[in-house]
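J.: Dumping the structure here so I can ask a few things about it.
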C-alpha cells in the first residue's frame with residue numbers, strides 16, 4: 001500500500017532491502033558510519049595534499065583527484081540510501097534518478113582512467129626518474145587529470161542518455177537501492193540488444209583498456225625494481241606502488257563483475273553486493289589504504305594536525 005499511497009507516477013520505487021526489513025536498521029548504521037569515514041578520510045587527504053608543501057608532487061596531485069572523486073562518488077548515492085533505509089517511502093524522483101545515474105556513471109568512468117594515469121605516473125617515477133620532472137610537469141598533470149574527467153563525463157552522457165531513453169511502459173519498480181544502468185535497462189519493455197552492445201563496448205573500452213595499460217605498466221615497473229641492487233631501495237619502490245595496486249584490484253574486480261556483462265544476465269543479489277562494494281566500501285577504504293601504507297602522508301597528517309593545534313593554543 002505504501003507504494004501506491006506515497007509515490008507519484010513520476011517517481012521510481014527503490015525496493016532496496018525492503019524484502020528483509022530486519023536488515024534495514026543495522027545497514028543504516030553501517031552505511032552512516034562508512035559514509036562518515038569516507039568523508040573524513042577523503043577530505044583529510046585533499047586538505048593535506050594542498051596544505052603540506054612536501055606533498056606538492058604529481059603523485060599527490062592525482063591522489064587528491066582520486067579522493068575528491070571518491071568523495072563525490074559516495075555522496076551521489078549514500079544519502080539517498082540512508083533516507084530510504086530509515087523511512088517508509090522507498091522512492092526517488094525521476095530527475096533525481098537521472099542525475100544520480102549520470103553522476104555515478106561519470107565518476108566511475110573517470111576513476112577507470114584516473115587509476116591508469118596514476119600507474120603511468122609511478123612508471124615514469126621508477127623507470128625514467130631523470131625525465132620525471134619534464135614528463136610529469138604541472139601542465140602535463142593538469143592536462144591528464146582534465147582528460148580523465150572529460151572522458152568520464154562524456155561516456156556517462158552517452159550511456160545514461162541511451163539508458164534513460166529506453167521505453168519502460170510505466171515500469172518503475174527497481175529491486176536496487178540506487179539508479180544504475182543495468183537495473184534501469186531491466187525495466188525496458190523493448191528489445192535492448194543495441195543498448196547491450198553499446199554497454200559492452202563502452203564498458204570494455206573504459207574498464208579493460210585502462211586495466212590492460214595498468215598491468216602492462218606494472219610489468220615494466222617490476223622489471224625496473226628487480227634491477228635495483230639495494231634491498232632497501234627495492235622495498236621503497238615497491239611500497240610506493242603497493243597502495244595503488246590494492247586500490248586498482250578493489251575497484252576493477254567489482255567493476256568487471258558488474259559492467260562487463262550483458263544487463264540481461266544481471267543477478268539481483270550479486271548486483272546489490274557488488275554495488276555496495278564499489279559504491280561504499282572501496283571509496284571508504286581508499287584513503288586509509290594510502291595513509292596506512294604511505295609514510296609521507298602519515299607524516300604530513302601529523303604536521304598539519306600539530307600546526308593547527310599549535311595555532312589554536314597560542
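Note: Cβ is positioned from N, Cα and C throughout, glycine not excepted.
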J.: Scan 5-26, 27-48 against TrEMBL and say which stretch is down as transmembrane segment.
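T.: The range carrying the transmembrane segment annotation in TrEMBL is 27-48.
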J.: So which range, 123-140, 141-158, gets flagged transmembrane segment in TrEMBL?
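T.: The range carrying the transmembrane segment annotation in TrEMBL is 141-158.
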J.: Using a Cβ cut-off of under 8 Å, list the residues of the same chain at least 6 residues beyond the transmembrane segment (60-79) that approach it.
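T.: Non-local partners: 31, 34-35, 38-39, 41-43, 45-46, 49-50, 100, 103-104, 107-108, 110-111, 114-115, 117-118, 121, 141, 145, 148, 177-178, 247, 279-280, 282-284, 286-287, 290, 297.
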J.: When you check the transmembrane segment (273-292) against the transmembrane segment (27-48), do you get at least 3 Cβ pairs under 8 Å, counting only pairs 6 or more apart in sequence?
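T.: The answer is yes, given that the two segments have at least 3 Cβ pairs within the 8 Å cut-off.
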J.: So which residues does the transmembrane segment (99-120) touch in its own chain, when a touch means Cβ under 8 Å and the partner is 6 or more beyond its ends?
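T.: Distant contacts of the transmembrane segment (99-120): 59, 62-63, 65-66, 69-70, 72-73, 76-77, 80, 92, 144-145, 147-149, 151-153, 155-157, 159-160, 163-164, 178-181, 184, 206-207, 210-211, 213-214, 217-218, 244, 247-248, 251-252, 255, 278-279.
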J.: Residues of the same chain, at least six outside the transmembrane segment (201-221), with any C-beta under 8 angstroms of its C-beta?
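T.: 109, 112-113, 115-116, 119-120, 122-123, 126-127, 151, 155, 158-159, 237, 241, 245, 248, 252, 255-256, 259-260.
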